[in-house]
Amino acid sequence: MESIKKVMVFGSGPIVIGQAAEFDFSGSQACKALKEEGIYTILVNSNPATIQTDTDMADKVYLEPLHPTIVEKIIEKERPDAILPTMGGQTGLNLALELHRRGILDKYGIKLLGSNIRTIEIAEDRELFAEAMAEINEPVTKCKAVNSVDEAVEFAEEIGYPVIVRPAFTLGGTGGGIAHNKEELIDITSKGLKYSIINQVLIDESVLGWKEFELEVMRDRKDTCIIVCGMENIDPMGIHTGESIVVSPIQTLPDEFYQKLRNAAIKIIRHLGIEGGCNIQFAVNKEMTEYRVIEVNPRVSRSSALASKATGYPIARIAAKIAIGKTLDEILNDVTKETPASFEPTLDYVVVKIPRWPFDKFKTVDKKLGTSMKSTGEVMAIGRSFEEALQKAIRSLDIGRFGIIGDGKDKDYTDEEIEEILKNPTDERIFVIAKALEKGWSVEKIVELTDIDEFFIKKIKNIVDMKKELEKLKEEIKKLNA
């Protein structure tokens, strides 16, 4: 990689739901990492309200639209040796694909770093993805890419309802949803086709209610692979990972099954030839006997930012250095200053991420959570136990709550309201679970209604039980002082 002296980095453009400050964080790290290695860095981003567009972040900053015609003019002027698109989220990958399709990369002899064109296409084209996974015997859901409503209806009737509708080349589940019948499918597919840049939606077999896990994987040019972080979505499949409460390290997966997912993740990143960071999502059935590979993001993702902050392992920085030819054993860990980046981080604490929804500002928006993102931010908290981290995260949300219960701001839900929210989750579900437990609902009933693992419901029950215990002690102290 000695021939690479000048690299162009794509930002992610305007802040939208599903693509926000996480990519500014990643892009800033990448620019600093490239400059550390003496690489002349050119940043292209249309959003001036970012850290990465500060003048000291890159050698040259272009505040221009992330459009192939504009970017070609910048390429013609700057003549970069390579482009790093994997720090710009879905926008960066889509732009790299379009530059390739227009022949601009070949015309100027530009190398693509991090992920190659075939890998990007496999990750985004569901049929290519299914074929790639079949080549290495990794299970995926039954799916089909369709370009019309009629095709969608035909395939849904073949595999049975419900089905998941996912527009191709979009972020945050935009335009997608869960169709339980033909009418819903027609409605969601019609909208989804408009959102997709290639007018294509993916009809997926439903794995609603299965557990969802994510692994952040790193690989270098010498084929060294490590798992940086394992994350568990508390909410089941059917709720977008950006809408779910997430905990790290993984809490409910037996080690034997975790090793299965770990081996699968390493097999996938090797097969796709990704050099740098990669996020892989798995669905696991409740009995923990089967899994499906749901998605591969061949780029730094929203989850990568969480994994970086949870572990202290700077994924974007190291991915940028790998992209220009460094190997994991050549890069020092920023935290220890001694061990190489090829050592997998281990956590002796619990990290909880909770999304922040803007429903206080948009009062007429449907609050139900599903496969499309509605949250506009998130908080992360660290504790020695799940209970501690959860309570800290709730307090950090800036919604006026000091915990899930017992702060004097609990709503008084009826049993009917509780059952409805447990079945059809909204942003209030975590508080409703606590209220149900306080009212004497059994753990088993809540598990049945929510599909959330019993482990997490019992952890929330510990908080509720502590509240009751403290109330008893308060009464006893009053008697003693009387």
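Here, residue 1 is simply the first one shown, and the rest follow in order.
Just so you know, glycine gets a Cβ as well, placed from its N, Cα and C.
Record features (Swiss-Prot):
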{"type": "REGION", "residues": "1-398", "note": "region 'Carboxyphosphate synthetic domain'"}
{"type": "BINDING", "residues": "R126, R166, G172, G173, E205, V207, E212, G238, I239, H240, Q281, E295", "note": "ATP binding site"}
{"type": "DOMAIN", "residues": "130-324", "note": "domain 'ATP-grasp'"}
{"type": "BINDING", "residues": "Q281, E295", "note": "Mn(2+) 1 binding site"}
{"type": "BINDING", "residues": "Q281, E295", "note": "Mg(2+) 1 binding site"}
{"type": "BINDING", "residues": "E295, N297", "note": "Mn(2+) 2 binding site"}
{"type": "BINDING", "residues": "E295, N297", "note": "Mg(2+) 2 binding site"}
Looking only at the binding-site residues R126, E212, I239, Q281, N297 (Mn(2+) 2 binding site) has its closest CA neighbour at Q281
Can you check which residues sit near E295 (Mn(2+) 1 binding site), meaning Cβ under 8 Å from its Cβ, same chain, 6 or more apart in sequence, and list them in order? A123, I280, Q281
Which residue, of the binding-site residues E205, E212, has its CB surrounded by the fewest other CB atoms within 10 A? E205
Within 10 A of the CB of I239 (ATP binding site), the number of other CB atoms across every chain shown is 23
Of all the binding-site residues here, Q281, N297, which one's CB has the most other CB atoms within 10 A? N297
Around R126 (ATP binding site), which residues of its chain at least 6 apart sit with Cβ under 8 Å of its Cβ? C143, K144, A145, R166, A168, L202, D204
